[in-house]
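K.L.:
Checked TrEMBL, it gives:
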type: DOMAIN; residues: 13-144; note: domain 'EamA'
type: DOMAIN; residues: 154-279; note: domain 'EamA'
type: TRANSMEM; residues: 15-35; note: transmembrane segment
type: TRANSMEM; residues: 41-58; note: transmembrane segment
type: TRANSMEM; residues: 70-94; note: transmembrane segment
type: TRANSMEM; residues: 100-121; note: transmembrane segment
type: TRANSMEM; residues: 128-145; note: transmembrane segment
type: TRANSMEM; residues: 157-173; note: transmembrane segment
type: TRANSMEM; residues: 180-199; note: transmembrane segment
type: TRANSMEM; residues: 211-231; note: transmembrane segment
type: TRANSMEM; residues: 243-261; note: transmembrane segment
type: TRANSMEM; residues: 267-285; note: transmembrane segment
Amino acid sequence: MMILEKLDERQRGRLYTLLGVIILSFDSLLVRLVNGHEWTLLFWRGLLPAIVLFCVQWRQDRTVITTHALRPALSTVLVALLFSASTICFVFSIDSTEVTSTLVIANTAPMFTAVLAFFWLGERLDKATILAIFIAVGGIWLVFADQASPGALKGDTFALVTAVSMSVYLIMLRKTKAQYANVFLIYSGCFTAIISLLAGAHPFSLTFSEGIYTLLLCAGVVPFSLLLISLGPKYLPAAEASLILLLEILFGPLLVWWFLSEAPSKEVAMGAAIIVVTLAGHTLWMSRQRPKA
């Protein structure tokens, strides 16, 4: 706490976001280690973060729970379902294709958000964003073109659905001013757990080691990375927070390569580089243009 008190708000925001990204980078590795139990993992990935976030919210401000969580609006249910869809598709993507492919495609969500915001919210779509979208689509095409097996192609498709679902989720957050983000995440976790049970999850079928990995992922990595990342934008401009979040595309595959010796193919690496440079360049460009507007 003494260290945090010495930091200014911007430094604090960078620290929170960076810690959140470092923790989140273990997500892909842990999903891979719980191999072949997608619906069972998703049950715990829904339930445990929901419990952790409920406890955190109850401690911070229980009126949010009593007022909004116990009597959810239709928008809350819809936003939670969208986040649940992105969670399910992400896990199936990680288990079906290269980790780099999943993370790169899933992180194109801001591009889809810009397009959807243009149609749904009437937000302006400037030339720089349109150019970035076309270049990012080229990078995605490179990633897809490399996937010869049906399983890998299916995994990339799941990653694309993750990006689109996340972008719609972000649009809904923007429309509701993200006032009750924890409530959305709690409901999303409950929906994910229920859907997983209906789809055939066997919550207590995991081996001891798989259970440890699942506990680390679902009670530690997922909820605490989300909490830390959500603190970042309170102290940082959105553009800077977005740039730090892109580090997951570097850290995630690096951890998988380090522990599981999985390296991306040349085409996937090229597509990833195109998308990361495009997203980073677009974020920097937009952050420089806004003060002039």
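Even glycines carry a Cβ here, placed using N, Cα and C.
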K.L.:
Taking the transmembrane segment (211-231) as reference, which of 41-58, 70-94, 243-261 has the most Cβ pairs under 8 angstroms?
P.N.:
41-58
K.L.:
Verify whether three or more Cβ pairs under 8 angstroms connect the transmembrane segment (267-285) with the transmembrane segment (180-199), leaving out any pair fewer than 6 apart in sequence.
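P.N.:
No, the transmembrane segment (180-199) and the transmembrane segment (267-285) are not in contact.
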K.L.:
Short question: most Cβ pairs under 8 Å with the transmembrane segment (70-94), which of 100-121, 157-173, 243-261, 267-285?
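P.N.:
Between the candidates 100-121, 157-173, 243-261, 267-285, the best contact partner of the transmembrane segment (70-94) is 157-173.
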K.L.:
Restricting to the domain 'EamA' (154-279), what is the model's mean pLDDT?
P.N.:
85
K.L.:
Under 8 Å, at least 3 Cβ pairs, sequence separation 6 or more: does that hold for the transmembrane segment (128-145) versus the transmembrane segment (15-35)?
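P.N.:
Not in contact, no.
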K.L.:
Give me the stretch from 41-58, 100-121, 243-261, 267-285 with the greatest number of Cβ pairs under 8 Å to the transmembrane segment (15-35).
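P.N.:
So the stretch in question is 243-261.
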K.L.:
Just give the helix, strand and coil counts over the domain 'EamA' (13-144), going by DSSP.
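P.N.:
Tallying H, G and I as helix, E and B as strand, the rest coil: 113 helix, 0 strand, 19 coil.
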K.L.:
Looking only at residues six or more beyond either end of the transmembrane segment (41-58), which have a C-beta under 8 A from one in the stretch?
P.N.:
31, 34, 64-65, 69, 84, 87-88, 91, 182-183, 185-197, 201, 203, 214-215, 217-219, 222-224, 226-227
